[in-house]
Amino acid sequence: MKWVTLISCLFLISSAESKQLPRRYRDVGHHDTFRHFIKIAEGQFPGIIIGLLSQNLQRASYDEVAKLNDNLVQLAKKCSSDDQATPDCEKPLRTVFLDEICHEEGLAEKYVFTECCGKVDPERNDCFLTHKNETSGFIPPFVMPDGENVCKVYQDTRAEFLANYYYELSRRHPFANVAVLYKTVKEFEKVLQTCCLETDKDACFREKLPAVREQKNYAIGLQKHTCSILKEFGKRSLRFQEVADLSRKFPKADFPIILKFAGDIVHIQEEFCKGDTLEYVLDVADLIEYICTHQDTISTKVKDCCDRELLDREECLVNAENDDKPADLPSTFKEFVVKEVCQNFTENKATLLEKFVYETGRRNPEFSKQLLLRVGSKYEGLLGKCCETEHPEECFHQGEGELRQHADNTLETFKMRCNLYEKAGDHGFQNEVLVHYTKRAPEMAFEELYQYTMKFAGVIAKCCKEDDAHIVVCADENTDLLLGEVCQRHEVKPLNKQMHNCCEDSYEFRRDCFSSLGVDPDYVPVPFSSELFTSHQDLCSATPDELLLRKQKQLVHIIKHQPNSTTEQIAEVTGYFTTMVTQCCEAENHEECFMTEGPKLVECSRAVFGEQ
């Protein structure tokens, strides 16, 4: 079909050809017109549009989406030529986009958008957003054909196959950034190019596809984390976080520019978090274009990103190296510890604190954004205390040391964890984390506790390889993401009061709150389960990982049964189990040994906890 062929051509455009297109910048006052978006999207326009259409028309067929996309591509061609331009070219992209959906005969009725199409923007757009649905089962799970068939279809109809995959991906992730989904398609093709050359194609796909899914899920998880912060702590908290992040990345940029960027990003995230992925694309393009046209005053490290196409620039800029600090930047700044600052604190507290975070961040790229927020919060407390005294300068002098001490303590905390990890090894450290979180969230099922434990242990394993200049950023920011994941889980299915308090009280001190938690005081222990300590001869043929998993299940059960159990008691019970397995697997009759020794293990285990 004509439109299927046209949309498929998107995936035949090479990056080399696209990079030769002239770079055109946004005209002030026309940033959201259909004509202007065609210019900034360049060769990626069809890809962006099919992603957005698939997200808004989740139940429409590929052919239906492709036909709409073709109509918009044809309009784009007219708008690119002055002698064929129509009034639609000067309309907002959103208006043209939704008009196309609503004017397609029978489409609104078929997919129940008639009510939305009867409204005018912005209410029409808001109505479409309410129909987005990422509930499991709303769209049937994507079934990957066997390797041989996948490779045959890919080799015979490469472009259409990839376009169809992009459609399937987008309709299942209606709230995701289309740039993330577009990248996933490109990563998927790399796997295809490798695995289709292998003899055992299915084995190759099983090995390589999980990394593609993990990369996609990580990016989507980052987006959800930001939305969670915005929802729970509001725009002010997110704005401070952006100031902290941007001041490290762009230390040469002036404070007003950093504030502008922070405000823009908060607005962009507000739009994104309500599901408006189209507006997100427009706003991000606007922000990136500003950065790329002001590189000389913002950063020397973004040129490579700015030379890329629209959908590739965002991730590149996020991951871009921090720019070098200005050569004339003083190592200390005294404007925040003089008496006069108290008046500024009274009259314009928010801007003063943002300026403090900015000045601290641009001088300390080794600080994580969470650490910068904690230091900023402690500085706010210092101002509140010192400005009440007769001689605030003396109070400030003492407080300066406390702020630096907090930063040093953060580094030392992570170094201590690295030492523990090095001494305990992978499995020993996993068990330490498993005990820690089971005591604090015993309401979680073993499977959840195990997954979070593996992730937390993975953060330490990864970040302990970093030097002192990077370890805090790595560990603090990755830990923050995982704690955010725990809190999002708690929001859906509450755990306990103390977890609730840590999730909601303070974003910047969330990690400290979780670290200081003790045993859940309101938890009612589960009865002792003899079944978990009953073993059979299959243990003797178990792999080391299977045996470890069995021990960890027992470990979690012990804590759920005896939350206040000591390290010594836990070690004693697990030691009994290890001894029994060794003894019975060396015995002539494995099963008979387990039947004899199993009840003894249960008896000994209960005796350790004084349960006779």
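Backbone N, Cα and C define each Cβ position, glycine as well.
TrEMBL entries are annotated by machine, without manual review.
TrEMBL lists 1-18 with the feature signal peptide.
According to TrEMBL, the domain 'Albumin' annotation covers 21-214 (among others).
Under DSSP, C102 (disulfide bond) is assigned to a helix (H, G or I) in the three-state scheme. Counting every protein chain shown, the number of other Cβ atoms lying within 10 Å of the Cβ of C102 (disulfide bond) is 17. Residues or ranges marked as disulfide bond in TrEMBL: C102-C117 (among others).
Secondary structure at C127 (disulfide bond), taken from DSSP and collapsed to helix, strand or coil, is helix. For C116-C127 (among others), the entry in TrEMBL reads disulfide bond.
Sequence-distant contacts (6 or more apart, same chain, Cβ under 8 Å) of C195 (disulfide bond) comprise G147, C151, K201, C204, F205, K208. Look at C195 (disulfide bond): DSSP puts it in a helix. As annotated by TrEMBL, disulfide bond applies to C195-C204 (among others).
Residues annotated as domain 'Albumin' in TrEMBL: 215-405 (among others).
In the three-state DSSP reading, C227 (disulfide bond) counts as helix. Per TrEMBL, disulfide bond is recorded for C227-C273 (among others).
There are 17 other Cβ atoms within 10 Å of the Cβ belonging to E271 (Zn(2+) binding site). Residues or ranges marked as Zn(2+) binding site by TrEMBL: E271.
According to TrEMBL, the feature Ca(2+) 1 binding site maps to D276, D286. Within 10 Å of the C-beta atom of D286 (Ca(2+) 1 binding site) sit 16 other C-beta atoms, taking all shown protein chains into account.
On its own chain, E279 (Ca(2+) 2 binding site) has R94, E271, F272 as residues at least 6 apart in sequence with a Cβ closer than 8 Å to its own Cβ. The Ca(2+) 2 binding site annotation in TrEMBL covers E279.
Under a cutoff of 8 A between CB atoms, and with a sequence separation of 6+ in the same chain, the neighbours of C316 (disulfide bond) are D304, C305, R308. Annotation comment: TrEMBL describes C305-C316 (among others) as disulfide bond.
Over all protein chains present, the Cβ of C342 (disulfide bond) has 17 other Cβ atoms lying within 10 Å. Here TrEMBL flags C342-C387 (among others) as disulfide bond.
For the recorded site, C386 (disulfide bond), the DSSP three-state label reads helix. Cβ neighbours within 10 Å of C386 (disulfide bond), excluding its own Cβ and spanning all shown chains: 22. For C386-C395 (among others), the entry in TrEMBL reads disulfide bond.
Among the features that TrEMBL reports, domain 'Albumin' is placed at 406-603 (among others).
Sequence-distant contacts (6 or more apart, same chain, Cβ under 8 Å) of C418 (disulfide bond) comprise I460, C463, C464, I471. The disulfide bond annotation in TrEMBL covers C418-C464 (among others).
In the three-state DSSP classification, C474 (disulfide bond) falls within a helix. Taking a C-beta cut-off of under 8 angstroms and a sequence separation of 6 or more, C474 (disulfide bond) has the following same-chain neighbours: V459, K462, C463, E466. The annotation disulfide bond is assigned in TrEMBL to C463-C474 (among others).
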Position of peak Cβ density within 10 Å, selected from the disulfide-bonded residues C117, C487: C487
Cα within 10 Å of C116 (disulfide bond) - qualifying recorded positions among D276, C342, C395, C584: none
CB contacts for C395 (disulfide bond) [other CB atoms within 10 A, all chains]: 18
Spatial neighbours of C102 (disulfide bond), counting only the disulfide-bonded residues C227, C342, C386, C387, C487 and Cα distances within 10 Å: none
In sequence order, the disulfide-bonded residues (C127, C273, C387, C503, C593) whose C-alpha falls within 10 A of C540 (disulfide bond): none
Rounded inter-Cα distance in Å - D276 (Ca(2+) 1 binding site), C127 (disulfide bond): 11
Pairwise CA distance, C585 (disulfide bond) versus C487 (disulfide bond), rounded so that it is a whole Å: 43
Where C464 (disulfide bond) falls in three-state DSSP terms: coil
